[in-house]
Every structure is written in C-alpha cells, then in structure tokens.
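**Student:** What follows is a single structure, and I will ask about it in a moment.
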Amino acid sequence: MVSFRTMWSLVVVVVVASLASSGVQGRSVEGSSRMERLLSSGSSSSEPLSFLSQDQSVSKRQVFDQACKGIYDRAIFKKLDRVCEDCYNLYRKPYVATTCRQNCYANSVFRQCLDDLLLIDVLDEYISGVQTVGK
C-alpha cells in the first residue's frame, strides 16, 4: 500500500506540473509589459524621464497640477492622484507616476492604471473626475 507521504508528494508534483504547462502568467508581469509598451510608444526619446526637462516639471507628491484649468476640488485630485500612486507602487517606476498625471490625468497611462488596478467597474466615476478638473 502506498504511504500517505508518497501520495501527497505525487499530488503536489502533478499540480505543479499542470500549472507550469498551462501557461499561467501573472497579471503584474503581463501588465508590466503592456505599461512599458504604452509608455515607450508615447515618448519619442529613449529616456523615460525626458519629458521632465520641459519648462514645467511635476513632482511625484504634487496633488494639484497648475495646468489643470477645471474646477479645483481637493477630494477629486486626491482620488485621481491615488490611482497614480497605486500604479507607481505596482510598477515601481517613477515615470509611471509622473506620466499618469500628465494632461490633468487625461491620458492613456491613467486609463491603463485604472485597468491594471482593477478599477474598471468604477471607470465612469474617474472619467467624470478627470473631466471636472481638466476642463
């Protein structure tokens, strides 16, 4: 009769082998490659922080962007900024946070961050916030 320990080892080996062969891929790895492609397609320079050398730089901690001409609502800015902060924490690349905030959050990186942070179910709420601050 097969011992319990041997049977358990066999079950573990089968499960690991089936997961390895099924092509399971982590969401963060897939999202990271999509974010890299998105950021590289929008920039003509190979340097990720090259846009910061323009006349207005945006610090990572700045909540209110003076270029935003819409209604100033601190709660909305904090909510939108939180998406960029969480996206930065997901990818750990400073240019993700700064690019996410460009154009008063009305950009494809912000939209990708919403998708990667699984916030698509409340997308309308965030789009409304972007339209409010960026008019």
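Glycine is treated like the rest: Cβ placed from N, Cα and C.
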**Student:** For CYS113, what is the disulfide-bonded cysteine listed in Swiss-Prot, choosing from CYS84, CYS87?
**Tutor:** CYS87
**Student:** Looking at pyrrolidone carboxylic acid as annotated by Swiss-Prot, pick the matching residue from GLN25, GLN54, GLN62.
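**Tutor:** Looking at Swiss-Prot, the pyrrolidone carboxylic acid feature maps to GLN62.
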**Student:** Pick from CYS84, CYS104: the cysteine that Swiss-Prot pairs with CYS100 in a disulfide bond.
**Tutor:** CYS84
**Student:** Of the recorded positions CYS68, CYS104, CYS113, VAL133, which one has its Cα closest to the Cα of CYS84 (disulfide bond)?
**Tutor:** CYS113
